[in-house]
Amino acid sequence: MKILLIGPPGSGKGSVSELLTKNNTLKHVSTGNLFRAILKEDSELARKIKEINVSGGKLVPDEITNQVAKSAIDELIKNEQSFILDGYPRTINQALALEQYCNLDYIFYLDIDHQELMKRLTGRWMCPKCAGIYNIHFKKPQVHGLCDNDQATLYQRADDHADAVSIRLDEYDKLTLPLIKHYETNPRFIKINANQPIEDVYKNINNYLKQNK
């Protein structure tokens, strides 16, 4: 089973993917996580990504993104492992590249208002150890400023600051909205109301998967 979650930053793709992988035999493929892992390396690819200023809200070029995503997806397909794509593809060129080697079974579009996105993104804090995500508005840690899992001090990513969020949403409107139009004629395309709580978004998707196996 090959699932795509598509939607703007802050729509809940990561959180929903986490819930789906926890309760199903699915692997979570997040380009954000893949890039963060690469940035820890001393490699030419890491240096290229750093030069792009991802932390300032800029998107990595399609050529690099396709290379990184294909490497991860090819391995899963080779092992016949079901997976969820989160954050890829996000442009028409990326979608066309993906279609060359991967047929998606479900395309879930997380539809959400911009006002709700700003609230979610600027209120988001992250654990440096386990990558757990919290939000000061609706997913607070048990102890202020500390991760529930490992008690590490939470931090706010540079791309979750207000200025960077505005850039990310502008980039999304310009590059990813055309992708929605590309997919919405596909019979596997399902629109989900992502303004509701993450748990409800997850339940809607999980129920759909159960009913349409």
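A Cβ is built for glycine as well, from the same backbone N, Cα and C atoms used for every other residue.
Copied over from Swiss-Prot:
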- GLY10, SER11, GLY12, LYS13, GLY14, SER15, ARG124, ILE133, TYR134, GLN196: ATP binding site (BINDING)
- 30-60: region 'NMP' (REGION)
- THR31, ARG36, LYS58, LEU59, VAL60, GLY87, TYR88, PRO89, ARG90, GLN94, ARG157, ARG168: AMP binding site (BINDING)
- 123-160: region 'LID' (REGION)
- CYS127, CYS130, CYS147, ASP150: Zn(2+) binding site (BINDING)
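Projection of Swiss-Prot feature records onto the structure.
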{"residue": "GLY10", "record": "ATP binding site", "Cβ contacts under 8 Å, 6 or more apart": "ILE112, GLU116, LEU117, MET118, ARG120, LEU121, ARG124, VAL165"}
{"residue": "GLY12", "record": "ATP binding site", "Cβ contacts under 8 Å, 6 or more apart": "LEU110, ILE112, ARG120, ALA194, ILE198, VAL201"}
{"residue": "GLY14", "record": "ATP binding site", "Cβ contacts under 8 Å, 6 or more apart": "SER30, GLY32, ASP86, ILE133"}
{"residue": "THR31", "record": "AMP binding site", "Cβ contacts under 8 Å, 6 or more apart": "VAL60, THR65, VAL68, ALA69, ASP86, GLY87, TYR88"}
{"residue": "ARG90", "record": "AMP binding site", "Cβ contacts under 8 Å, 6 or more apart": "ILE6, LEU59, TYR172, LEU175, THR176, LEU179"}
{"residue": "CYS127", "record": "Zn(2+) binding site", "Cβ contacts under 8 Å, 6 or more apart": "ILE133, TYR134, CYS147, ASN149, ASP150, ALA152, LEU154"}
Rounded to the nearest Å, what's the C-alpha distance separating ARG157 (AMP binding site) and CYS130 (Zn(2+) binding site)? Just drop the number here, would you?
14
Within 10 Å of the Cβ of CYS130 (Zn(2+) binding site), how many other Cβ atoms can be counted across all chains shown?
12
Listed in sequence order, residues not in CYS127, CYS130, CYS147, ASP150 with Cβ within 8 Å of the centre of the Zn(2+) site Cβ atoms:
PRO128, LYS129, ALA131, GLY132, ASP148, ASN149, GLN151, ALA152, LEU154
Could you find out if DSSP has ASP150 (Zn(2+) binding site) as helix, strand or coil?
coil
Name the residue among the binding-site residues VAL60, CYS147 whose Cβ has the smallest number of other Cβ atoms within 10 Å.
VAL60
Please work out which residue of ARG124, ARG157 has the most C-beta neighbours within 10 angstroms of its C-beta, and give that one of the binding-site residues.
ARG124
Return the maximum Cα to Cα distance in Å (whole number) over the record's ATP-binding residues: GLY10, SER11, GLY12, LYS13, GLY14, SER15, ARG124, ILE133, TYR134, GLN196.
18
Translate the DSSP assignment of CYS130 (Zn(2+) binding site) into the three-state scheme.
coil
